[in-house]
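Beneath this line is the structure, given in structure tokens, with notes to follow.
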Protein chains: 4
Amino acid sequence: MAISMKKIGLMTSGGDAPGMNAAIRAVVRTCAYHGISAVGIEMGYQGLIDNQMNEMGARDVKNIIHRGGTVLRTARCKAFYAAEGRAKAYENFKSNGLDALIVIGGDGTFTGAMLFSEEFNVPVVGLPGTIDNDIFGTDTTIGYDTALNTVVDAIDKIRDTATSHNRLFFVEVMGRDSGFLALNGGIGAGAQDILIPEEHLDLNRLFASLDRGYQAGKSSSIIVVSEGEEGGVFEIVKRVREHYPDYDMRVTVLGHLQRGGAPSCSDRVLASRLGVAAVEGLMAGQSGVMAGLRGGQVVFTPLSDAVKKNHEIDAELIRISDILAV
Amino acid sequence: MAISMKKIGLMTSGGDAPGMNAAIRAVVRTCAYHGISAVGIEMGYQGLIDNQMNEMGARDVKNIIHRGGTVLRTARCKAFYAAEGRAKAYENFKSNGLDALIVIGGDGTFTGAMLFSEEFNVPVVGLPGTIDNDIFGTDTTIGYDTALNTVVDAIDKIRDTATSHNRLFFVEVMGRDSGFLALNGGIGAGAQDILIPEEHLDLNRLFASLDRGYQAGKSSSIIVVSEGEEGGVFEIVKRVREHYPDYDMRVTVLGHLQRGGAPSCSDRVLASRLGVAAVEGLMAGQSGVMAGLRGGQVVFTPLSDAVKKNHEIDAELIRISDILAV
Amino acid sequence: MAISMKKIGLMTSGGDAPGMNAAIRAVVRTCAYHGISAVGIEMGYQGLIDNQMNEMGARDVKNIIHRGGTVLRTARCKAFYAAEGRAKAYENFKSNGLDALIVIGGDGTFTGAMLFSEEFNVPVVGLPGTIDNDIFGTDTTIGYDTALNTVVDAIDKIRDTATSHNRLFFVEVMGRDSGFLALNGGIGAGAQDILIPEEHLDLNRLFASLDRGYQAGKSSSIIVVSEGEEGGVFEIVKRVREHYPDYDMRVTVLGHLQRGGAPSCSDRVLASRLGVAAVEGLMAGQSGVMAGLRGGQVVFTPLSDAVKKNHEIDAELIRISDILAV
Amino acid sequence: MAISMKKIGLMTSGGDAPGMNAAIRAVVRTCAYHGISAVGIEMGYQGLIDNQMNEMGARDVKNIIHRGGTVLRTARCKAFYAAEGRAKAYENFKSNGLDALIVIGGDGTFTGAMLFSEEFNVPVVGLPGTIDNDIFGTDTTIGYDTALNTVVDAIDKIRDTATSHNRLFFVEVMGRDSGFLALNGGIGAGAQDILIPEEHLDLNRLFASLDRGYQAGKSSSIIVVSEGEEGGVFEIVKRVREHYPDYDMRVTVLGHLQRGGAPSCSDRVLASRLGVAAVEGLMAGQSGVMAGLRGGQVVFTPLSDAVKKNHEIDAELIRISDILAV
């Protein structure tokens, strides 16, 4: 079912992820290619409520494919979760002559998109943009691959100095609810052990791993930890220190540097493909769905599934992590 | 069918690819984990013929997961394509007590592996290690993702200076027979046009694209070219110059820097998974196959298919490249 | 002698260099700090002739310190070397109420600045912005340090694959008239030999070096070559091939990627210091000079010296290069 | 006064610094060039006490110029500060036929070297290897330039995401006693404010700076903090939070990743020059001195001065930091 699309609004929302600019570029240029007006909405849903939006042409998105962050800026917007906020947003949506909305973000972004789409019968397509990779319906999210490279690049540097005896390096990475970054980044970095939320925080497992490493003659070890509460890794270090009073322990907290940086080629291509798919999906009548890439093919998943279903950690990777830390 | 494996030889062969060391580490540590001896063979098949090999323990592969190149070194070996060479190789295979062979490389490597496996009834598993991504049976090959990042990183730098009027930047990337690097790298870098072997060298298409770019107000453009014969890009520049005498044209030839560099996290995880799979595949009775990753799952493909079948460029990506250069 | 400065124009001119944006930012913010209006002139002298210029406030230069290229764009401008062009430029200079000019660039830029300053008695300060480091009056030029890192980063990747026997890797770097990049980059990259314009092109010296390397058991070697005429490195390879028919030779031409990339910290600090010095120098009555950094201190050098005197290669470095290639 | 040198021992000691391997390579190859035996001592002074040392030839240091860490490993050694430890060390020094010692490290390393040189009348030359740049007698220390690039590279990534309102990003960098890394890295990264030990911890100054930034319309700011006691930055955040309860504050602790990474070209050239100078200095009769680079020239400074005199922060840089945060 081909739908007449004359004007499409797009926004980025939630936490930044590398590749968001590549997605914006792809949406804008695909609109230009098909003769559709693209309208960039600033600061996520807040900009829709505040009527901060501008038409964007093909030249407006030049030289952004390689930039971290998002030229449309992003925000978390509480007001949009109230009916009043969404009503104001819809008012602006109509007065600007928009036919549809493309939102780039994560869970929270998609929840807002569903509400908006259902309440006002507005065609909406979501693109998964988050470094956490915790979205169902796509093999990877935009930004995840870049963040993994940032993590291993940081740990490679720590590894250079990890030659003294009895030294433990703790590296806290993002992922409060999801261990993708820690698990894959930890395997990629050759970590001795990886502590992820899915596995809870079993320090006895860590102690066993460290004991094995010590017996195997490892002079020092790197432990990757998913962020928990603030100062979380320091609490863990405190407890490990009680168990190994002679070890020298050092901490790195990567923090927000994981959200930035030039996107990897893989993230740029992913963002480009999904940006094209979002526009052409709307033209073909898609709505209330997220565009993702599974097994190399674009697939559309209902936003309700993207939000509710879990993107599960592959248990095989936990096994592999154990084997390779032998 | 579980097979008793006591000693497994491994080698890297053909052109270097980032992640080969991560694969070596994974094979050696998985052997250690399962109580199997791992024997590293130097310089590919040449080392098997010359009997240059050493046992490798878990500690021998520490601190290599992040290194480009291959600690076992690599070579192309003509002698192995003669029956005499393979006979000598098999002699050393037996005298060293090897039960099986894991070879990391590309097409040529696998062809040799098939011959060896069939002639002497030797269990062999191949791992796809090449930056060209031209192997059937795996979504990506070890090294390809890293090489893509190297390509876009280089072009990002060229883009910084690409602001003068009427200037064309040509970037020659690897891929004599296969346009994966050029096509995906070109999309990731936001190239104006991409010349790949699969599309032949249609300069009229390039001229049309440059004319469109000029009319759209582009001040300068980047063109990605798959390497052809030596000096290939310069020949193209010569012909483009005849057509656009007023354009200023600059050339970058990336060359072998695309084969090196620290592997991306994705390549390390891929190499780690396939390294584990190769050893456990041999233990489970696999032979004459390549371990690859498709849709996130390890799959074994007959080496004959990996070599003969084409890993085709996704035509959709060519269309996307055109849309995004609008 | 304090001079009343109300409005200062600034431009970048000539070839791009990383750190130009950091210099622009420093000039604009130092103006803001001292209550002076800063006016950004587009595309170098061409923008002065075409009257393309805009006031820039402190917020207009946010988030550019880390970007390659120049937000003011740059160009080489033939028209400015004619008296007519400079007369038009001065007309715009006056009509826009400018009191002085800060120009960021190299030799050609400074020559133009001298003419303009003398003809119209206009206060001018130059900042050395070029990757070639061929300016007298400063230990290093803005962009040079970054380009060096780009060169060694590229060669590091080539080195990863440089393990086969009898293979020579040629890397062509920028520097048509000056061997700074090749010599320092070659030492930093551990090259076997370095061919620079100052030493002419003595292939016998190269052959002697390669013979020494071969006798010392080197399996492969990297040779860094300053660019000459187009295709220059290929001509050298041709002649080396006649001498060593059995060697496998590979070529990388870095080209314009050396002009881009995020500036190094050192280049940012240099650009920041010189940007502050340029504005405060004008306020203190400096004119017809270039601000440079020598031995950690800001020094002002007459533009005529900066242009005419040579920044000589340190012969000691050539000796060191020979020792370390032992 | 030329001294006959037949065998020179070298070691790295104290904290790791990028470029130590380049220095090792330069020492070993300069020895080879001059027909002197080079002996690599493992783990700093500990290896001298434990007699862990091996001869190193020119080929033993191939492919290390670009690697972080140190192939000789490093340690802090308490035993060497006791007379008994040094006596044991001297015993090994003699029994191995060493004529002199080259030590690469910082303050502590040089203090040990002085004691050893004086007690046993042993020729010793020190090379400044530390990321802290807190050594008198050289413009920069080996590793400092690389660490600066690591710091700005990390902050660049954080900057990508620094677009929300009222958000403060705190980045803790190394430098317990010395603010070089924080001050230069902060200027290079365009930080809003920089807290260094030399300036004590004046939070009122920080509050004034943040208030100015807020009034200037800055949406978010980056604050660079020199490490203090463990958890130091978190204590500062706590106090800032009391003052700005509505600000969202995020913390990155760079930690040991600042000690690793491939050395910058500048650090490699510095290490190469000083490595050559150390060997040739010993040959010329130098002893009890450190080789440094000042104003582009190699200079030898008595170890006692290198250790006791302060390498002072340039106050001008603090002023520049203030101007540019306008």
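Just so it is clear, glycine is given a Cβ too, placed from its N, Cα and C backbone atoms.
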Of A:Arg159, A:Arg294, A:Arg319, residue recorded by TrEMBL at the ADP site of A:Arg25, A:Ala26, A:Val27, A:Val28, A:Arg29, A:Lys218, A:Ser219, A:Ser220: A:Arg159
Same ATP site per TrEMBL - residue from A:Gly9, A:Gly15, A:Gly175, A:Gly179 joining A:Arg76, A:Cys77, A:Gly106, A:Asp107, A:Gly108, A:Thr109: A:Gly15
Residue among binding-site residues A:Thr109, A:Ser220 with least C-beta crowding, 10 angstrom cut-off: A:Ser220
Among A:Arg176, A:Arg259, the most crowded of the binding-site residues [Cβ within 10 Å]: A:Arg259
Listed binding-site residues (A:Arg29, A:Lys218), ranked by Cβ neighbours within 10 Å, top entry: A:Arg29
Reduced DSSP assignment, A:Ser220 (ADP binding site): strand
Position of peak Cβ density within 10 Å, selected from the binding-site residues A:Gly15, A:Gly106, A:Gly108: A:Gly106
Local confidence of the domain 'Phosphofructokinase' (A:7-281) - pLDDT mean: 93
Nearest recorded site to A:Lys218 (ADP binding site) by CA-CA distance, among binding-site residues A:Gly106, A:Thr109, A:Met174, A:Arg250: A:Arg250
Euclidean distance between Cα atoms of A:Arg76 (ATP binding site) and A:Ser220 (ADP binding site), Å: 41
Recorded positions near A:Arg29 (ADP binding site), in sequence order, restricted to A:Cys77, A:Thr109, A:Thr130, A:Asp132, A:Met174, A:Arg176 and a 10 Å Cα cut-off: none
Using Cα positions only, nearest of the binding-site residues to A:Val27 (ADP binding site) (A:Gly106, A:Asp107, A:Gly108, A:Arg250): A:Gly106
Recorded positions compared (A:Asp107, A:Asp132) - the one with the fewest other Cβ atoms within 10 Å: A:Asp107
